[in-house]
Structure formats: structure tokens, C-alpha cells
């Protein structure tokens, strides 16, 4: 291999007319710990790759230092004095081109160095270069970053901004090397692995010395590389004009592309070659969101069921019943009912999971067109494989993650809608590589030879790294770089594009969408968890009773042994007998925990779910979609929700923009005018609105005609929309707009007969009132979030040049002309804007200016220069745009409706009254999200907004801490802490979710009435939900409509999906599916409250009735010397749960209503009882248990007193079983009366369940006593009927004892209602006596206050939410010529 090279040369080509520059990097690292390879960029996690807010100073400083230190190193190596490049002494040198000369390098600690060592005075000049080059990376923000790697957003931003920074050849080289190191880091999951990769041993073909970094990769293995001949010459990248050259090994075989050396950091995808791809065994394209499959059903089901302690207890009891001589009852009385319970539950789980499997099957069977040979064949999505070439047509969903090859649009462009992925409403523009965009037919595609090297599957939606390696054909032998611009993700929908050809690179569960999803979790409700805990305590009580009974048996046996000679009592087996007695009494008392409870709960929940499914109030007629409970296990959680996490797009909004109104010259026009708002002239001023028909007449005949003409001419020309002829579209034209706002404005112009219909690269054509006119598009000053406006310079048909501008009112008003007293209708327009905003409409101001030829010629030259600058290009373009966007004339304003789903504001307002906090987690822009927050009443006008848009870890922490401290200090002041809303963007949220900040973020967020998280990824949505779930004891509900919401829905306690929309992935993965957000109101406030109350009462009653019966067994043990003898016949015990007390829990659990639906909806405050757990908690549980103990004492002991001397007329006594039947009947009557007492609403099923159950016992007893002895099933009741029904004491006991028990219960209920009144008691009185509600007057007052506060807010900070894409639009429109025929693709 030869000796290691002493140096690497970093060679930058400045072009044909510029000399080459070289930076010498030390290659011999034997005695150096300061090579560039050990910079903080690679080793130290405290350093971030990039901080956008401070990139200019840091980059300028980095490049300048590199130049200066290179020169000093050469001087030092030559033995000369080291000085600055301008002859200044080194220690006195300043960086004049860096704006902040207060930059303090001494503030950094040795933490920013891997080894904490600085170059000493005696170190070599080369070591100084390496140490200083390390320092060049640092700035304040980098040093402040916590221990974490570069975020996805940071890496993406860094890559995007390299081109803007490349204003010198050396800067290109420096930044590209840093990008290379950043990519290397992005592949390495942790420090240990990263170090092992960086320090991996050399091989005979290793050209890189000890560095572990293939410095040549950007040229030799990168895209578009060219090899420049013999040894010693550069291996240059034609794409970037940069090469990394080893002076001793330049002629060696080029190294692999970065990250591909080991084969572990990339995957190879052969294009259209299934046989070659088969060796890699890539994942299939089948997707499953189901909970079980054939292999996992049994283990997962049993694990879930036996996580319920009641089932474990009954399994244990059933097992010990099989031991001979232990069980006092039949060995099958526990194990058979348990098997029935498990079988019923398994059937329910299977039925619910089969629905998920069916949904998955429907998706997997969707059709895709796959290239086979030279033609496309239809195959199911599940049959699509990695490497397949697919054809996707307009409005179709993408079946896999794909790299676009070509499309029907110019230059291989296409539009995709990603709202299903990230919530963004704007269409995204994707573009094929220029080299592949010419493949327009199947025959062309068949000639595409080669493979792709792509990154490994990951969950980052916004990044992609890969290389297309062509192996001949039309492209030749070349390597072409792939980036996110070419990648289309599964879950997106193709829009405004006839067709695309693309290669599948990730399929099935390896797609980025599915990598953001999580496995369907096993969810357990808080009621189940509380019940589980109480079962443990009941089990401990049961063990205590069993031990006490066994001890009593031992004591009584030892004391009376001489009198028990007729019993077999062997000596020396006292311990064995004691253990057996414990087991015997456990079996005897085992139904203290009701075995029927689990199956009863499952059936009741299933019926409650069916009531949800059958509710016609939640049926959406438009989409023919009813509410659907996909699982019945979580119905009671619906009544305890404290937090709702909602998506915005498709959930709160319809993602439909409609042009509604406009104000032109101080006069309002509307598409629909209400009768009371029609325009009329009062004192010479127009009051009200004109409709569109009147507008057309005014254009032709009114003195306002010229202004109206200019207004609509602006709307029809000042945009980046592309028209497409579609017979099915309204007016025959479909507008392709990356922003729905722009599309709505162009459609609004068409309403006034200003129809935009043709776009060419340099001109557009508009049909105005039946006349075609062509406008030359001179320049477009594009929208961005800083400018908040866009403008277009047009040469009109008459030859004049006009500058049309639209944007936020705040930026338009300050750029209006002051000549002639300014705009005479400015205040009127402002008043109209406020009126539009009160209606929740999105507003834009419209202005124009006439431009002279001379002024345009001068400005055009400046614009051309700014557009070609390599330094701060976007800032320069913005600055030049400012020069022309001045002295404008105001034309008016537009009002667009971002259509909310029906009833969203009322639903959110009502849910807030119910004590539910709503967090909106959206991928949309911050301005849009805030505007929607106001529109849907999530944010009220008097709210104070806390907006967090920080860019570093420490800034985020400081901001949150400061706001939290201010709130804490403000308690007791006049600040209304119920009027706070937190707005945080995805970047800040990334930091806020880190361990040392998450509690600050959570505390601040939970103090706020509303929270909006903007620009968040699907994974961040799930992380936010999991944070609140982990740190707060509250029930969380997540609701969304897209695949990007699945992980959030599955992370929450309850997931609700919006069905009836495009893409039903969320509805398929959710626990409940509804057609519109407004149905959530009834789902929670009515069905949720009912389910929680019913299930709580049913569980408590089930425990009560069993404790009441089985504790009498313990009292009886006191009288039978703890022999284990039962007071009741064994099958009567079983039938007690199965038949005679089975129906009341069902009646209570399914039909009872403590308040009717109307009252629950009218008084949402009632919902708070579920949040506080009023009906089911530890106190309530033990209150019922103690009451059951009390009743058992009365029933057993008083019953014993009544029956004790039961001597009949013939001198005989009734005996044991008459005594047992009497106590049994008294207990049954008592528990049924208790059910009647707690029932709020009687139905026919309640009558069947309660009085019917008692009647059933009286009918059953004589029949069973007659038949059972003959069948030898049970002989205990033989001849007992004649000793019961004629017996007066029997009737006395079953009437007197229940009345005595219920007297206390009735008295307690009276005292509670009269003297300890709960809110729902009052509403019950209102409901019963139909008392009028006077709140509507208050509602009208609140509406008036609401409007006043809204106007105050608008005057303070006027709203703006224009959803235009930032940048790149002019390039797109210059590529289109709609007069040309699009290729068909065949």
C-alpha cells in the first residue's frame, strides 16, 4: 500500500479563468489529536452542525480563518514570522468582514474539544492549522447546544443553504467538506458506533490513512464525477467543481460514495429488475394495522386477559378446585364459567380485529400500474416490490416511497398533496432529474439501466440521500445525485399532474409513513385499572377470611377432638390440614370477587358501542357515514377525557378555500348577500353589500368601473397559478395552485368574467368580459414569511407596465402613496377588514402602481444583478423588491373562507366549557394555525399569546423558564390565567421535548387554556401525547384524519379518526371513527358521560351483590365450627350470578341515564364529574363494599333470629336447607331492591331485569326442587318446597330484612340530595320539572362582548394568514406552456 501520505490537498476550481487554490490538510495523524477528523463536528455531541439564525457570521468567520491560517501555516513552515494576511501581527488581527467583532472565542470551554487540548507554542504549524480549523466551526449557538445530534430540519436547512454561501472557491470546499461530515454523522446512531466507524482499520485498498473518512468521495464517488487522467491529477466533481486529492494516491480507484463503504449504511435498488433485488429480501408492500395475526393472537390475547387480576384469581381457584378433598363445591363451578368468559371475550376481540384486517386488505388490494417489459400491468399494492417502475395518475395515492423518473409536466415536475403526511395544505412541487425527465414512454423506461444507492429506511419525512447509478442506455455511464426533491412518499396524493413514472425504493413497513407509525398498543382503561387494584384488596380480604376460618377450624378441632371421634383426624398433619383448610375456604369465598363481572363488562361495553354506532345524530348524510366504535373496550374513557389533541387540516378544516367577499374602493361585494345586508345609499355613502351580478354591471357602467377593472385584472394576473383544460372542471379549466389561497383568488376573478386560461413561459392570457388579452410577465417578487406579500410586474396589452401587489394589510398600508391625501377609502377598507375577520375570513389587501419604462429599466438591471449574486441572494432580491413596492395605490381587500367543518367553533367552545383542554398539533404554518385557532374559538379574542420560535436548546429553555416564572409571580394579580394560549413551532418543540426541558414545557402548556404546535412531524405529535400521558394522570384523546395522525391516535388513551375524508388510515387505526369533528361533542358529552356513569354503577353493584351474599358464608362459619360447610346449595350459588342477579347489571349498564342527552349537551359542566372520577373511585368502591358488609350482617343474624326456632305444626323443624333458602331469598330480594333504588330511568327492560329476576327465582325454586333430586344433580332441595312457601317466618324474613337494609340506603340518598347536593342533582330537578333556562340572554350578551374583544384584537394586531409557498414559484411558471400538448406517457 506504501507509506501514509503526509498531506491531503483540498483543491477548489474557480473556473476556467481563475487559478486553483489548495488547502493543505495533514494526513499523518500518528502524533496529532487535532486533525480535522477529530473536530467537534464529528466527535463532540455538544456541537450542532448548523444553526440557521447565526449562519452568516459563523460561515464568514470560518472561511476567513481558513484563508488566514493557511497563509500563517505556510509562513511558519518556512520559518518566517506568522502574521495576518495583511501584515498585521497575529494577536492584533481582527476580522473586518465579520459584522460582530465582539465575538469572544475565550468564552468557550474545553468541552468543545474532544480532548480538551489546544495547540501549544511548540506545536507544528500543521497542528495549528488543524486546531484553528476546528475552531472555525464554532459560534455561540453551536457551543450552547446540548448533547444531541443535528436535527433533520438542521441537516435539511444546511444542505439547502450551501449554494447561497458559495461565493468563493475555498468556501465551496470548506462547506462541502462540512456537509460531508454532517452526512457521515447522520448515518451513525450513537457516539460509540460513530467512533468505531471513524477509527476503523485500513484495508489494502484504503486510500484515506487513519482518517476513516473517504475525502475523495465527493468527487470520485459522488454524482457526476469525471476522472482526470493520470496520477497526481484531480478527481473533480462536475456538479460542484470541488475535488479532494491525495497527492500519493490520486490514481487509485475512486472510493465509494459517502456512507456506502461498508454496505451497512446504504441499500442498493436495481431499477426494474426484480430478480436482482430478490437477493436483498426487501420488505413486501403489505401493510397491517391490525392488533393480532394468526401467530400472535393467542399469546397477546392471554397476556391481555390475565393482566386482569380477576382472571388470574379465578384461574387459580379453578386449579385448586381440581384437588381431591379440598373443594366444598363442584370442581367445575369456576373453571367452566372462566372458560366461557374468555371465549366470549376472544370472540369480541376477533370480531373487532377482523374489521381492521378487512380495512388493511382493502388498501393492500388497491391497484397500481407496474412496468413489466415494455408495458404496464395492473397489480395490487401488496404485490409492488422495491425497484418496480410504477405509473401513478392524477388524484391517485402513492403506493410506496418512490423516486420520480418523469412526469406529464414540463421538466419532470409534479404536484403532490401531503396533508395526509404532515398536515400541510399547500401542494408540494417535486421534480425529476433533468437526465431522466425525458423518459416519457414505456419503451424509454425499459431502456433505463442501472441501480440506486439510497439511505436506509428511516422516519424522517423531509430528508433523503441517494445516488442514481446509470449503467448505459440514453444516460450513459453516470452517477446522479438524488435528494428530497425527487422523492414521493407513500400516503401523499398526486394532484394537478396527469401522470408520473417513479421507482419504488421503500415499501410496506419500511416507508417513511409507516416508520412514523407505532404498533397498535394494548389499551386499558382507568376504570379497569382501578377495578384491578380493588380486586387485589378484595383478594387480600378473602385470604384473611380464609386464614381466619382455617385458624378457627384448627382451634375448634383441637379443643373438641375428643368429641369428634366420628371424623378421620390423623395425628401429626396439623400443618397439612391447615393449608388444605385455607384452600377450602378460598374456594368457599371465591365469589366475593364476581366471576361474571368481566363478561358482564364486556357485554355491556359492546352494547354501549352498538348504541354509538346506531346514533342517527352522528350520521353524516353527505358522505353516508355513521359513527363507528372500532373497539368497545374504551367506551367509558370517553366520559373522562381531559385533553384533546387534534390535527387541523381535514379535522377542524375542510381544506377548501372559497372566495367570499371583497372590498373595492370602499364598497363591499359578496358572492351571496343576505337580505338584511343588501347595499343601500345613506347620505351619499354605500352601506351594505352588492352581489356579483351588480358587480359586473358596475364594471361596465359605474364610475367605479376603472378601479373594479384594475382590481380583478390584478387577481387574474398577479399569481403563480397554472391553468389546465379539464372538461369535468367548473368552467372547463382546473387551476393548479401550490397555495389554495391563490387558487381561490383566481377563481374569484373568474366569477367576475376575468378568466385566466393560458400560461406561457413569458406571458399569460386572460379572457376579460369575452375578450382575450395577453400580458407579458416581466418579473415576480415572490412571497415569503418576512415580506408577507408578493408582487408581479406586467406589461399590459396597451404597452404600459404595472406593478400589482397583494399581501398583509400591515405591509401594504405602510407602502401606500401619500400623494393626493393618500387613499381616500383607507379607513373604510380597514373597517371592512375588521368585519371580515370577525367572520373568520382570511384577508389580503390589494394595491398597484404604474411603472415608467425608465424606472423599470433601472430596476430590472438591479433585479438581474441580485438574482445572480452568490452572497445573500434572497436578501438581495427582497431588498430590490422593496425599491419597486412603494408609493402604491390601494385598490381594496379580499376575504377568503378557509372553510371550517360544520359546527367546529361551537363544538370547541362547548368542550372547553366541559373542562377539556384542546391542543392543536399541525404541520401547517404558524400564521395559518393561529388564524384557524381564532376562527374555531380555540383562541378567544382576550387571550394572551405566548409564541415560542426559538432556534437553540438554551434559548428555548430560557424562554419557557422566563414565561413560567412570570406566570407564577403573577398569581394573585389581575392577570387572567384562563386566557393564555401557547404557540410553539416544530423547531422549538424539538428542543422542548428533551429531558431537561420537557417538564418546563409541560407545566407551561398545562397552565394555558389552549396550545397550538405548528410545523410538527407525525413523530413529534406522538411524543407530545406520550409526554402528557406519562407526566399527567389524565385521560387523553387524539383525533385526526390522515396517516400522519396515526401515531398520535395510537399513543393516546382514546383515538378518534375522521372518516369520510380522503385517506382513511387514521379512521382505520383509531378506536372510534366519526365523519366530522362536530360529532365529537355528542360522542364525549353524551355517550361518554353515559358510558362512564353506567359502567361505574354496574361495577360497584356487581361487587356489592356478591359481597352481600358471600360474606354470609363467613358468618355461617362461626356457627358450624369452621367446618367449611356451605349454607347454600352449590348450584344455587352459581345460579345467583348467572341468572338471578345477572339482568340488573345489564339493565343499569346499558339503559340507565342519570341525565338525558339534551341536558348533558346543554350543561357541559356535568362532564367534569367524569374527569374527577366522581362515580367510580376508591372511596366509592369501599363505600359500597362496607354497605354490603352491613347488609350481610343484618340479613344473616336477623334472619337467623327469625328462623332459629322454626318448629312446624307437626313438631318438625325446617332444617339446614330451609334456613339457607330463606337467607338466600332475603339476600336476593335486598340486592334487587338496591338495584331499583339506584336506577335513574325505568324502561321495560328494567322491569324485566329487576322484578322479573325475583319472579324467576320463585318460579325456578319449586321446579328445581322437583327435578334436580330425580336427576341426581342435587338432592339438597328434595321435599323442601312444602316447608318454605307455607311458612310465615319465611315470608316475614324476606319482607322485613330487605326493608331494614334499604331504610339506611334510602335515608343516605335523601340526605345526600337535600343537604350535600351535587350539580347533577340540580340538573335532574330542572329536567324533571322542565324548568325554563334563562341562559340564552347571557349567550347574546357574550356574543356582543366577543365581537368587541375581536375588534380590539384586530386593531392591536391585525390578522394575516396567506398560505403561499415560499420561493421557487417563478422558476416553475417559467417552465410551463399550457398551449402545448402534454405527453400521454404511452
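A Cβ is built for glycine as well, from the same backbone N, Cα and C atoms used for every other residue.
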Select from 1065-1085, 1086-1106, 1107-1127 the stretch of residues annotated by TrEMBL as transmembrane segment.
1107-1127
Could you check which of 491-512, 513-534, 535-556, 557-578 is flagged in TrEMBL as transmembrane segment?
535-556
Can you say which of 1031-1059, 1176-1204, 1321-1349 is given as transmembrane segment in TrEMBL?
1176-1204
Rounding to the nearest whole angstrom, report the longest C-alpha distance spanning 647, 648, 649, 742, 783, 806, 842, 922, 923, 924, 1015, 1021, 1044, 1045, listed for ATP.
34
Within-chain partners of the transmembrane segment (1288-1307) [C-beta distance under 8 Å, separation at least 6 from its ends]:
1187, 1190-1191, 1194-1195, 1198-1199, 1202-1203, 1206, 1218, 1221-1223, 1225-1226, 1229-1230, 1233-1234, 1237
Please indicate, using numbers and ranges, the residues of the same chain that are 6 or more beyond the transmembrane segment (1216-1233) and have a C-beta under 8 Å from a C-beta there.
1104-1105, 1108-1109, 1112, 1127-1129, 1132, 1136, 1140-1141, 1144, 1191-1192, 1195-1196, 1199-1200, 1202-1203, 1206, 1250-1251, 1253-1254, 1257, 1261, 1276-1277, 1280, 1283-1284, 1287, 1289-1290, 1293-1295, 1297-1298, 1301-1302
For the domain 'P-type ATPase A' (363-430), what does DSSP give as the number of helix, strand and coil residues?
12 helix, 34 strand, 22 coil
Under 8 angstroms, Cβ to Cβ: which one of 535-556, 1107-1127, 1245-1268 has the largest number of such pairs with the transmembrane segment (1133-1155)?
1245-1268
C-beta crowding around residue 783 (ATP binding site), within 10 angstroms:
24
Apart from its near flanks, which chain residues at least 6 from the ends of the transmembrane segment (1245-1268) lie with a Cβ under 8 angstroms of it?
1131, 1135, 1139-1144, 1146-1147, 1150-1152, 1221, 1225, 1228-1229, 1232, 1235-1236, 1239, 1274-1275, 1277-1281, 1284-1285
Around the Cβ of residue 842 (ATP binding site), the count of other Cβ atoms that are within 10 Å:
25
I need to check the long-range neighbours of the transmembrane segment (1176-1204): which residues 6 or more away from its ends have a CB within less than 8 Å of a CB in the stretch?
527, 530, 533-534, 538, 1092, 1095-1096, 1099-1101, 1103-1105, 1107-1109, 1111-1112, 1115-1116, 1119, 1214, 1218-1219, 1222-1223, 1226-1227, 1230, 1289-1290, 1292-1293, 1296-1297, 1300-1301, 1304-1305
Highest Cβ count within 10 Å among the binding-site residues 649, 1044: which residue is it?
1044
In the structure shown, with every protein chain counted, which of the binding-site residues 647, 923, 1015 has the densest set of Cβ atoms within 10 angstroms of its Cβ?
647
